[in-house]
Amino acid sequence: MAETVTASLAEATHESGGSHTINILTGSNPIEFNTANPLLLVIVQLILILALSRALAFAFAPLRVPRVVCEIVAGILLGPTAFGQIPGFTENIFPPESIPFLQTLSGLGLVLFLFVVGTDVDFGLLRRAVKPTLAVSTAGLILPFALGCAVSRGLYGAFSSSDVTYTTFMVFIGTSMSITAFPVLARIVGDLRLNQDPVGLVVLASGVVNDVLGWCLLSLAIALSSAGSGVVVVYIMLCLVGLWLFLYFVCRPALNWLARRTGSFNRPDGPTQGYVCAVLALVLISAWFAQVIGSSEIFGGFLVGLIIPRSLGHHFAAKIEDLILCLFLPLYFATSGLNTDLTLLNTGTIWAWTICIMVVAFCSKFLGSAFAARATGFSLRQAGAAGSLMAAKGLIELIVLGAGLQAGIISKPLFSAFVVEAVVLTLAATPLCLAFYPPHVRPSACDAATTSKDLIRSSSIEKPGFGGVAQQRTRFAIVLDQLEALSGAMVLTHLLAAGGSGKGPAQGESDAHLTTASSASAPTPRPGTPSGPASAPLSLTPLRLVELTERTSGVMVASEEAASHLARDPLAALYRTFTSLFPGRIALERGEFAMTGLENWAETVARCAKEGEHEMLLLSWRLGGPRGEAMQPGAVESFIPNPFEALFGKVSVGTPAAASSDAANAGAPLFAAFVRDVFLDTSCDVGVLLDRSSNSSVTPASAPKHVFLPFFGGADDRACLSLLVQLVRRAGGALSATVLVLERAPEPTDEDRAREDDEGKLDVQPTATGGEGSSAAPLTPGLAPYGHGLTTRGGETHYGSRAGEAHHGLASETADDVALSAAEALSQPDGPLADVLRVDRVQTAFPLATMRRRVAALAEPALVLVGRSRVDAPSHRAESRALLLEGGGAAARGSVCASGEVRRAVGEAGTALLLLGQEQSSRCVYVLVVQSEGTAGRRREKRMAALKGEKGEKGEEGA
């Protein structure tokens, strides 16, 4: 009976047909091709294609191999060249009957991709460099086309059949030789950071012109192949002209009207869904019309992309480009790879023609573009770089070759030879450009004003008065990288612009007393630095950082002028509006705009600070509320345990909010790596504001009204002291300040013993040297990868004193004494800052614990200034270790300090402050970590020394 029922069910299932006939539970083959449900095999093919292409891209990323090359190679490997030689692979994974379905999907993706390429075409680039652009694009098109036509005579006899006329074959070969891969070119320009360089701008503009003319030549070649006579060719070209006129004069105004009607122009997230649907429908209609008149459907999509308004083009790319690049294009490369059989290149004659194709294609493109660039005023290096970039082929040539193969113009052996040429020339573009035009010879390089002062790190020994309290910084730069950092930037700006009535120089009192009190420690004024009263306006330059994505549209946007970006950037506009509230106190400069990859942010910041001759660079780091304040769990979540926490080791410590803070601070190590790079690369003073405020706690009453400085000693602390004095002087009584001088005692003092009785003894033994023999074990792994190609580093960056003392050098201690004496003179009853500045001296065996206790006892909102203290400063490693391990490390695991990258970025004093709980640090939500110019990192020294060595070699060669 059971067998009868089973047989009946099986028979019913079989008779129902459709997708139910494939079922692994009934023993069916899941990769067997079924015309009723081809999607199953297509999914398997897609998974294999994407996995192989991404694996190759990841493996060759350190070599700067363009991703498109990896996708082309993946398609070739899946074809008969490699995997096709495995018995049963092609018959089971890529059976011939499944190829039409793949070609249909890849054809649709190709139409959409050419539409996106059309939206990226920016004819505005021509206006910025008309003469060199026209020269490079014309020479880079005519010479390769002419030489390609010459080579086509030999190729026609060796590879073509009698069914193809020589004229059609000649036009196609000339087009293949002359076209430039504009998307690949834009990606290489972005990777090499040439967006704002004259070479990059001219190459991109020339690529735009070359791209448009190349597609016109391709349309001509396809029309010649599909037409039966010359009259038909003329009709096809006239129909294409009519299509373009209809799109430009009818569809373009209609789309603009629809965009205004739907409000698509004013939406920050791009056009509405209705507008997007209308445009995509027009793309498909245009592609269909171009195909039925005898041209290629991809040309119809390209024409629609050209009429999309420039302000909406990048929004379209952001919406659909990822889907196209991640799914459809690898599918197209796979279908092309199935037609590429390198085993057909099996004779010396064929390989000789392949080498001839590569040599002619490269030399014609390189020499034509390079000579044109040189004739229009570029140097030899710049001309070589332009020629190298214009020789890139890649994706666009593969599309042209696929169209020629589908039209029957070229054979499979010739197609394979051209694919090899496209891969080789695209691979050669990046290394050749770097060889001709390395970063250190570019006009924007930071070595233009390199002097001996830049090559040797300034320190307290070389400049005993560096960081004296009389130092008045007048040129500041502030980094704006994301909206979350805006609140911290406003706090810093408010402090710099603070002013009011009160005793001090702001009321017109002379600075003579101040100058006399600190003459011993006053540095020599820098050239070009304005001198004047403490209330003189400060120059503040915003530096807007934006991440450069992998999209071609992003590269084109990055090539626009910085002024246009700043004019329409909402974050920069908000900051400009805020600074306008302080007329006469802040002089806001035009600002800088940089769109680059995350891995280049620190170098970009350092370069801008160097070129702008800024005296201090300010950054804001939004950390959220202390101990997970920003992410409080709900009432139900607080009482219901999560069974997966114990299973996967994510057990909450203390409260559920502690677990929430792990997610809130997950990105802290990545930003800490950026901060460390800024500290290492920047040649001026750097201040990083640690903003732990939450959205609910930010009120006018929470603005800092007091500045607290724990002074341990060293150049960084002296820089903090000079900044504190400058802020207090400019505030004119609106800010008060306390300087707590912490002197390490060899034994616990009475205050330390009283604290031990109340709070319990720290697990650390004080020593006269500060416990240098103990090192803190990291709470997280030393090397962990993070997104966007960045990694955190586990190495220490605490550099020992040059004087050889256990804490810091004798000269540094002398400079500390001089700076503190000048500050104490200002705070005396007859001093100009007596009402607002207080200097206290405390001896303690536990400096960090004393600092934390004083901060927790603050009576009003305060800004705490701490030095990063990685050079020429006393070390608190043993006490810092004890604080990290206090309570079994619960406090560290509940904050961003669980990451060793964060601890190295903010220093030991900053780490101790971040470990304060919410109830202890309610008055201290802002901590400014300062690194002095005199303690800049060693990476800058090595780079400058290398540049000096290169210049020396060039000088010797010239001599």
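Any Cβ shown, glycine's included, is placed from N, Cα and C.
Note that the coordinates shown come from a computational prediction; the quantities given were computed from them, not determined experimentally.
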### Summary
As TrEMBL has it, transmembrane segment corresponds, among 68-89, 706-727, to residues 68-89
### Message
Looking at 320-338, 415-433, which stretch does TrEMBL describe as transmembrane segment?
### Response
320-338
### Task
For the transmembrane segment (230-251) and the transmembrane segment (296-313), check the count of CB pairs under 8 Å (sequence separation 6 or more) and say whether it reaches 3 or more.
yes
## Note on the structure
With the greatest number of Cβ pairs under 8 Å to the transmembrane segment (101-121), the stretch among 68-89, 168-189, 201-224, 296-313, 350-373 is 296-313
### Summary
Counting Cβ pairs closer than 8 Å to the transmembrane segment (201-224), the top stretch among 68-89, 272-290, 296-313, 320-338, 350-373 is 296-313
### Query
So, do the transmembrane segment (133-156) and the transmembrane segment (168-189) meet, by the test of 3 or more Cβ pairs under 8 Å (sequence gap 6 or more)?
yes
### Message
Are there residues at least six beyond either end of the transmembrane segment (68-89) with Cβ under 8 Å to its Cβ atoms? List them, or say none.
### Response
48-49, 52-53, 56-57, 60, 181, 183-184, 187, 329-330, 333-343, 394-395, 398, 419, 422-423, 426-427
## Note on the structure
Beyond a gap of at least 6 residues from its ends, the CB atoms lying under 8 Å from the transmembrane segment (320-338) belong to 45-46, 49-50, 53, 68, 71-72, 74-81, 84, 94, 99, 102-103, 105-106, 108-110, 112-113, 116, 395, 398-399, 401-402, 419, 550-553
### Message
Please report, as numbers and ranges, the same-chain residues at least 6 past the borders of the transmembrane segment (39-61) whose CB is under 8 Å from any CB of it.
### Response
19, 22, 30-33, 67, 69-71, 73-75, 77-78, 93-95, 98, 101-102, 105, 326-327, 330-331, 333-334, 789
